[in-house]
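Student: I grabbed these lines from TrEMBL:
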TRANSMEM  103-123  transmembrane segment
TRANSMEM  143-162  transmembrane segment
TRANSMEM  174-200  transmembrane segment
TRANSMEM  206-230  transmembrane segment
TRANSMEM  242-260  transmembrane segment
TRANSMEM  272-293  transmembrane segment
TRANSMEM  300-318  transmembrane segment
TRANSMEM  330-349  transmembrane segment
TRANSMEM  541-565  transmembrane segment
TRANSMEM  590-607  transmembrane segment
Amino acid sequence: MLSSNLNIATNRTIAFEVLRMNHKHPAQVVPAPFTESTSNGHSQLHNMDTNRKTESRAASWRKRSAQIGQSLAAGYNNLQVSHRGMYSIERLKAFQTYCQKTSAIRAIAVCVLTPAPSLLAVILLECIPLRRPEEGWKVNIGFWIRFSLSRIIIAVCCTYQVKDMVERLRISITQCLGIAVVVMSVYIATLIAIATAWGFPVPFGIVFGVGPTLAVYAITFVLIIGRNVFKANTGLVQEVKLQFYVLGVQGIVAFVYPAFTSVYNKASSNQRAALVLLLPIIKVATKNIVAWACSHLEDYVPVITVFSIEVFNALYVATCMQSTKSTLATSVIIAFDVVNGVLTFRSLIKRTQAIHKQMRLLMTTSADKIHSLEELLPKVMEASHNLRTFRTRQGTAIRVSAPLKLRFGVENYRVLDSIARHLFSFEKREALQATTQLNATNSLPYQKDTKNALTCPVTSASQDTTNKPSKQNLHQVDQKLELVESTLQLLFHCEYHALVEYVECAVPMVFGIYSSILCELPSREYYPLTKNMAPGQLKGMLASLSVYVALEILSFIAMHTALMWKFKLSALYQLAFVLETQTVQIQTRLFFWIVFILQFTLEHYGVDFTFRFAWMHSSYYVALTSVLVHQANMNGKYVGKVAAGLELDEREHAHLDQHNQKKELVPEQYTHAYPALLITTSGHWLQQTTG
C-alpha cells in the first residue's frame with residue numbers, strides 16, 4: 001500500500017515537471033499534425049475575429065454618430081430662444097390671477113382683435129387718393145401726406161418701444177411727437193431733394209433713408225430727452241443703447257427683405273425651394289441678437305423677440321406663398337413648418353413629463369393625488385413659499401420680482417412681498433451663519449439672538465426651517481425647488497411658442513383681409529400684386545394662405561390640449577394674458593411692421609426687384625428730348641430770320657454756332673438727366689451680373 005502511494009506521487013511529480021519544461025521551452029513541443037478539422041478551426045477563429053472587428057467599428061461609429069447628434073441637438077437648443085429663460089414668480093402669480101378672473105370669451109376676443117388697429121390704420125392709409133408717379137413728385141400731394149403719416153406712426157412706435165422697456169425713462173406725448181416730426185421732416189426733405197435732382201419715384205425710396213433716419217432718430221432722441229437726464233441716471237445710457245440695438249436689427253431686416261426678394265424672383269423653381277431654407281437661418285440669427293439685447297428683461301424676451309422678427313418673417317412667407325408659382329417652394333415652406341412644429345411639440349412633451357414626475361414625488365396623501373396632477377399653478381405657488389433657497393443646482397437664480405411691474409391687484413402684491421421677505425430671511429440667515437462660523441466664541445449667543453429676530457412669520461414652513469432640517473426635509477425642499485424651476489421654464493417655453501403660433505396664424509389672415517380690401521380700392525392700380533390680378537387669382541391666394549393658417553391653428557390646438565390634459569394649463573389664456581398685459585410692446589411692433597411691409601411694393605416707393613428702374617429711363621429721355629427741341633427751336637428761329645432778309649448780330653451768330661457745334665445738354669437739364677442715366681445703366685449692369 002505504501003509502495004503504490006509512493007509510485008503515484010512519483011508519477012505526478014514527473015508529469016508536473018514535463019508540463020513545466022514544455023511551458024518553459026515551447027519550441028521543443030512537437031506540433032500536432034495538420035488536418036481538415038484544424039483548418040476549419042482556424043477559419044472559424046478568423047471569422048470570429050473579423051466579426052469582432054466589424055462589431056467594434058460599428059459600435060464606434062454608432063457612438064461617434066450619437067456624440068455628433070448630441071452636439072447638434074445641444075447646438076440647436078442653445079440657438080433656441082425658448083430654451084434660455086424662465087418666468088419670474090411675480091409673472092407666474094399674475095398669470096394665475098388672470099386665469100381666475102378672465103372669461104374664455106374675453107380671452108378669445110383679445111386674440112382675435114389684437115391685429116385690428118394696425119390693419120385698420122393701413123387700410124385708412126390706402127384710402128388716401130394718389131396720382132400716377134409718372135406725373136412727378138410735385139403733383140403727388142396725396143402720396144406725401146400718406147408717406148408723412150406712415151413715418152410718424154413708425155417713429156412713434158420706435159419711441160414707445162424704447163420707453164416701455166426702460167422704466168426710468170420719462171417721455172411725454174409732446175416729446176414723442178416732436179421726435180417723430182423731426183425724423184419725418186428730414187426723411188421727406190431727403191427724398192424730395194433726390195427726386196428733384198434725379199427723378200421720381202426715388203429707387204427703393206422706402207428703404208433708402210432707413211440707415212440715415214435711424215441716425216437722425218438717435219440724435220434727436222438724445223437731444224429731446226436731454227443729456228442731463230442721462231447723466232443723472234446711472235446705467236440709463238446702457239439700457240437705452242440695448243433697445244437701440246433692437247431697433248437696429250429691425251432696420252437690418254428692412255434691408256434683408258428687398259435683397260432676399262430680388263434674388264428669389266430671379267431664381268428658378270428649384271432654386272427658390274433652396275432659398276426658402278435661408279429664411280430660418282436669417283430668423284434665428286436676428287432673434288438671438290434681439291434676445292441678447294433684452295436678456296436683462298427676461299420676462300419680456302419672448303414678446304420682444306417674436307414681435308420684432310416673426311411678424312416680418314410671417315408677412316414675407318405669406319407674400320412669397322401667394323406670389324410664387326413654385327409648388328416645390330410652397331411645399332418646402334409647409335414641410336419645414338411641420339417639422340419645426342413636431343420638434344416643438346416633442347420638447348413640450350418632454351418638459352411636461354419631467355414636471356409630472358416631479359409632482360408625483362411630492363405627493364404625500366390621497367388628496368394630493370387628486371389635485372396635484374390637475375392644477376399646476378397653485379401647487380407651484382405653494383411650493384415657492386417653502387423654498388429654502390432660490391438658486392438652482394445649475395447656479396440660476398429664480399427671480400421673485402419681474403423686471404417691470406405688472407398691475408394685478410394689491411392682494412397679489414402682498415403675496416409677493418411675503419415671498420420676498422421669505423427669500424430675504426433665508427439669505428440673511430445664511431450670511432449670519434457664515435459669520436458665526438468665523439467667530440466661534442460668540443456664535444451661540446449671537447445665533448440665539450438673531451434667530452428670533454429673523455424668523456419669518458409668513459408661513460409655518462418658514463418657521464420650521466429655523467431648526468436644523470432633517471435629510472428628508474432637505475430632499476423634499478430640493479424637489480420643490482426643481483418643480484418651481486421646471487414650471488417657470490415650461491411657462492417661458494409655452495409663452496414663446498404660443499406667440500410664434502399666433503403670429504404665424506394672425507399675420508397671414510391680416511394679409512389676406514388686406515389684399516381682399518385693397519382689390520376694391522383705387523390704389524390697387526399701384527401695386528404689382530393687384531394691378532393685373534386675374535379674377536380667380538385672389539381666391540387661389542386666399543386658399544393657399546388658408547392651408548398655412550389651418551396648420552398653425554392645429555399646432556396651437558395640439559399644444560393647448562397637451563397642457564390642459566396634463567396640468568389644466570391653458571395655452572389660450574396664456575396667449576391672451578401676454579397680449580393684454582403687454583399691449584404697448586405688441587401694438588407698437590404690429591404697427592411698425594404692418595404699416596411698413598404692406599405698403600412696401602407701392603410704385604411710388606420705387607421698389608423694383610429687377611433693378612431696371614424703367615421710370616428713370618423715361619426721365620432721361622424726356623430731359624434729352626426737351627434739350628433737342630429747344631435747340632431745334634433756336635435754330636429755326638435764326639434760320640427764319642435770315643430767310644426774311646434780316647441780318648444776325650454777333651451775339652446771335654455766336655449763340656447759333658455754339659448750339660450747332662456742341663449739341664449737348666445744358667447744365668440745368670444735364671443735372672436731371674445724368675443721374676437718371678447713371679441709375680438705369682447701373683441697374684442694367686447689376687441685372688446682367690446677378691442674372
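Just so it is clear, glycine is given a Cβ too, placed from its N, Cα and C backbone atoms.
Note that the coordinates shown come from a computational prediction; the quantities given were computed from them, not determined experimentally.
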Student: To the transmembrane segment (272-293), which of 174-200, 300-318, 541-565, 590-607 is linked by the most Cβ pairs under 8 Å?
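Tutor: The listed stretch sharing the most Cβ pairs with the transmembrane segment (272-293) is 300-318.
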Student: So what's near the transmembrane segment (103-123) in sequence-distant terms, Cβ-Cβ under 8 Å and 6+ beyond its ends?
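Tutor: For the transmembrane segment (103-123), the nonlocal Cβ contacts are 153, 502, 506-507, 509-510, 513-514, 517, 570, 572-573, 575-576, 579-580, 586-587, 590-591, 594-595, 598-599.
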Student: How about the transmembrane segment (300-318) with the transmembrane segment (206-230) - do they touch, taking at least 3 C-beta pairs under 8 Å (6 or more apart in sequence) as contact?
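Tutor: No; fewer than 3 Cβ pairs under 8 Å.
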Student: Who are the chain neighbours of the transmembrane segment (242-260) in space, where the CB to CB distance is under 8 Å and they lie at least 6 residues beyond its ends?
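Tutor: Distant contacts of the transmembrane segment (242-260): 158, 161-162, 165-166, 204, 207, 210-211, 214, 217-218, 275, 278-279, 282, 286, 289-290, 293-294, 296, 304, 308-309, 312, 316, 592, 596-597, 600, 607, 609.
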